[in-house]
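If you check TrEMBL, you get these features:
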- 1-237: domain 'tRNA methyltransferase TRMD/TRM10-type' (DOMAIN)
- G122, L146, G147, D148, Y149, V150, L151: S-adenosyl-L-methionine binding site (BINDING)
Amino acid sequence: MRIDVLSIFPSYFDGLTLSLLGKARSAGILDLTVRDLRDWTSDRHRTVDDTPYGGGAGMVMKPEPWALALDELAARPDDAAHAGDAEQNRPTIIFPSPAGEVFTQATARDLSSREHLIFGCGRYEGIDERVFEYAAALGEVRLISLGDYVLNGGEVATMAMIEAIGRLIPGVVGNPESLVEESHEDGLLEYPSYTKPSTWRERPVPEVLLSGNHAAIAAWRRDQQIERTRTRRPDLLPGDDS
Ligand code: 6GU
């Protein structure tokens, strides 16, 4: 998978050289490039923002640098060679935004099967609305929010999304079985885990886990998943209208 990130703070993404995603990049499974949006400005101050039409607080990101950057990143290397599958080669262009659809595990799954993702990280009060219309001519545009709270810009949201998407790409997580027994994969929160010692500071591990009875262990874990979900996240259970 190819992922391009556009940001005025590229060093936010230095952490993506670490751990599993860092390995996936070295192994060539994930082709991730972070680009400075200011590289597509041409004035001496490398300006990316301006005052809002209609007035109001803060600044708005100018459309020109975004258009030039998206043109370059969405361009296909050899259009003639891909004449038959033009649609398939169009990137998915994601703008992190608290005004977007909410990101879930299902969104991560969907996006993990795409060939090319472009993340456009906005700052200030947002990006000139015409950029989204322009981008729609280059690929599928998605405005995506992490949840109902406000961050200072799209960078941290993009990192969270890249981690959630990246770990679903085949070969990124060494043991694929570790992907299935996790919170949100089966619609329930995950069961509690324990390791040695069997008693620690007067606290014993639940006895069933030491029993060797695999059916009993599986049933106990399922019960724990349901009980935890009922108390912590009732909204995930069927019949909850909240
Ligand atoms: Cl994707 N961006 C910003 N700026 N704030 C957010 C968000 C995204 N998701 C939740 N809050």
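Using the three backbone atoms N, Cα and C, a Cβ is placed for every residue, glycine included.
Cβ-based crowding with a 10 Å cutoff singles out L146 as the top-ranked of the binding-site residues L146, V150, L151.
The predicted model assigns the domain 'tRNA methyltransferase TRMD/TRM10-type' (1-237) a mean pLDDT of 93.
Listed binding-site residues: G122, L146, D148, Y149, V150, L151. Those with a CB atom under 6 Å from ligand 1: L146, Y149, V150, L151.
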